[in-house]
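What follows is a single structure, written as structure tokens, with notes after it.
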Amino acid sequence: MQRRHDLDRVRVFAFCLLVLYHVGMYYVSWGWHVKSPAASTTPEPFMLLTSPWRMSLLFLVSGVATAFMLRGSAAGFVRRRSRQLLLPLLFGMLVIVPPQAYLQVVEQLPGGYSGGALDFYGKYLGAYQGFCGSDGKCLVLPTWNHLWFLPYLWCYTLLAWLLWLLPAPALAALRDGTARLLQGWGALLLPVLLLAAARLLLAARFEQTHALVDDWYNHAQYASVFLIGFLVAFNEGFWLSLQRLRWPALLLAAASYALLVRTWYFAGHDETHPVPEALRQWLRAAWALDQWCAIAALLGFAYRWRDVDSPLLRYLSLAVFPLYILHQTVIVVLAHALKPLHIPATAEAVLLVVATFALCLGAYAVIRRVDWLRPLFGLRPVAPAPPVPALVDGRR
């Protein structure tokens, strides 16, 4: 089976959403590394357009990609994927992420932080745990911040590899059984039920930490969609079902999103008038409905482009991973640098988005040409050019 260009488009689209979301995190009331003086709840309904499904979509696409990788060449698979995921994670934690943690301390530490960047970096490498807020919570150092996706993906990749090691008839039976369940309306309803069960049973018990070892709700949702992608990667019936049901999926996603936003922001609920517990349970189910139906709609609309390639798509699909590694640090540093200029929030947000894309794409143009940088950003080394045969002088 040839490369799925529709999923390349989805990956690029998801990364663009990620940049918009992380710029948005600067302006909402939710906790983040740096905060705008203009932060408020006003942008939060727009942020919730993608919150339920953005990362789940990336894990599902990664599951499909893992199936393609194993089908192409299983020899040395774990070594290759470990190099592609864990080396950038280590580099990111040592080089890319520290500026985020430093600026978080500069802006949010009670009483401020008078030590310089080098002093902080020494504490960062020494796993200093004394940067604590007024609420008693301390910054965990060193940290992976937005790079949490990489260790999670590595763990799920190992799980897929173990499934690949099953006897061929057993793996085929597992894939066929999954395909039979995820046909027609089952492609919409069964994943919703799975994600709803995870949210109803685990979300209240296990806060989302992105710390890997104690993040059981996130594992339940992300491992589930990753394995769905892995098991249905080559099943055309599943993808045709999503294409056929793309409009119902979109309507269900829109309706559940509207319910979530109306209840949380326009029904008078706040800390003194919280959402009733019974309604909260229904909202968790609505979250799961939005989560999967938005993914299904997007994949269904994209499927018609599965065979359509372009030079720009090939360039951007390779750029996504390095840009993902870089983008949040670029946003945090730019936001901190722009704060003294007191630019109106809307204009500043547009500037942050444009500058982030421009700087990340410019950095990628350098990274892809420097052999020793490529592996640090998840890119394969450039294959050496074949030797040019020596010319023979025909006069001899």
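Heads up, residue numbers simply count up from 1 along the chain you see.
Cβ atoms here come from the backbone N, Cα and C positions, even for glycine.
As recorded in TrEMBL, the features of this protein are as follows:
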DOMAIN    5-363  domain 'Acyltransferase 3'
TRANSMEM  12-33  transmembrane segment
TRANSMEM  53-73  transmembrane segment
TRANSMEM  85-103  transmembrane segment
TRANSMEM  149-174  transmembrane segment
TRANSMEM  181-202  transmembrane segment
TRANSMEM  222-240  transmembrane segment
TRANSMEM  247-265  transmembrane segment
TRANSMEM  285-303  transmembrane segment
TRANSMEM  315-337  transmembrane segment
TRANSMEM  349-367  transmembrane segment
Any chance the transmembrane segment (149-174) and the transmembrane segment (12-33) are in contact, meaning at least three CB pairs closer than 8 A with a sequence separation of 6+?
no
Same chain only, please: residues at least 6 beyond the ends of the transmembrane segment (181-202) with a C-beta under 8 Å from a C-beta of the stretch. Say none if there are none.
56, 216-217, 220-221, 224-225, 228, 232, 235, 237-238, 241-242, 245, 248-249, 252, 281, 284-285, 287-289, 291-293, 296
Counting only residues 6 or more past its boundaries, what in the same chain has a CB within less than 8 Å of a CB in the transmembrane segment (85-103)?
33-34, 117, 120-121, 124-125, 139, 141-147, 150-151, 153-154, 157, 321, 325-326, 328-329, 332-333, 336, 375-378
If we skip the immediate neighbours and take only residues 6+ beyond the ends of the transmembrane segment (247-265), which ones have a Cβ under 8 Å from one of its Cβ atoms?
41, 44-45, 48-49, 52-53, 188, 275, 279, 283, 286-287, 289-290, 293-294, 296-297, 300
Remote residues contacting the transmembrane segment (222-240) - C-beta distance under 8 A, at least 6 residues beyond either end:
1, 55-57, 59-68, 71, 152-153, 156, 159-160, 163, 174-175, 178-179, 182-183, 187, 191, 194-195, 198, 295, 299, 303, 306
